[in-house]
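Quick notes on the structure that follows.
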Amino acid sequence: MRWLFWSSGSQQAPNNNKDNNNNNNNNNDDDDDNNNIIIINNNINRRPPLTLECPSPSHPPCASCSTKATTFPSNPKRGWNTSLTARDWAGEFKDPRNLIPTLLLTGGILFCVRIHRQYLRRIPLATNISPTYFHKRSLFGRVTSVGDGDNFRMYHTPGGRLAGWEWLPFRRVPRVKKELKDRTIHIRLAGIDAPELPHFGRPAQPYSHAAHTWLTNYLLNKRVRAFPYRQDQYGRVVATVYVRRFPWIFLRRDVGLQMLRAGMATVYEAKSGVEFGGEGKESKYRRAEEMAKRRGRGLWKGWKGAGWESPREYKNRMAGVEGERAAAAAAAAGVGGMGELGVNGGKN
């Protein structure tokens, strides 16, 4: 039995040796295939490939590994000081990583410039207002002084608090009169006419001081919004003005309409050049004036009595008086000239 086991084992040994020889042959064939190096020329860079003794780019090389992998050189990185050709410049500019940020930055700058010119540019004087503002745009600012019962001066603050006015250090409204010179817009309330204060040698009209005091208390140091219509012959801007007052800060009030209701002004009467901001506003103004008349408010107290005159009648009367004075002065100058001429003629 021992001989049979040995003999059977001796018979299987040649087969095992044959299998081992086959396996060794296969391994040798694999090694020969792996040792073959494939060289591919780069058509763009015209550089030969580099070979690394590494089985895979994802695995580090080892001492027992003799497999060679083929890699290809990449384009060298350019520095900031590297000179570029025209072709390189075109390629760099068309790169989306450069083109898209450039377009976004340029568009953003142009948009900011347009917004600043249209909405955030401060207007110092009434004469600097573009005609495109009339009947289309508005002016926002703080009232710095009240000159009469129907006009005041405003410091333009475009954008208001959202643009930094009143809380940023470099966006403060000046308080000193000297600093406000040639930096405020002279506004005349549209559609109303208040009693005249004494000026240009004319006496004060009744209720002129009351109207001036009322408007000063109502507007001075307040933020207002004016809708300009045109410029008058005195360089002022004729505009409808709105203001928000505590506690009704969410409701804006028409300043001219409030003066008519208080009896501190009349509806503006003139043959031409009257601005109301629309027919609907004119009818509203006339209804407010009629209500103040019936209730006898302000300058309408005793208006049916003798000697009462409206601001328009006062202006017409003073214009007539000044015309008579001018005619008398011209006549006196003419008589004096004739007398001197006669004296000189007698001497000759």
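Note: Cβ is positioned from N, Cα and C throughout, glycine not excepted.
The range from 99-115, 320-336 that Swiss-Prot describes as transmembrane segment is residues 99-115. Spatially close to ASP193 (Ca(2+) binding site) yet at least six residues away along the chain are ASP150, ALA265, THR266, VAL267, TYR268, GLU269, SER310, PRO311, ARG312, judged by Cβ distances under 8 angstroms.
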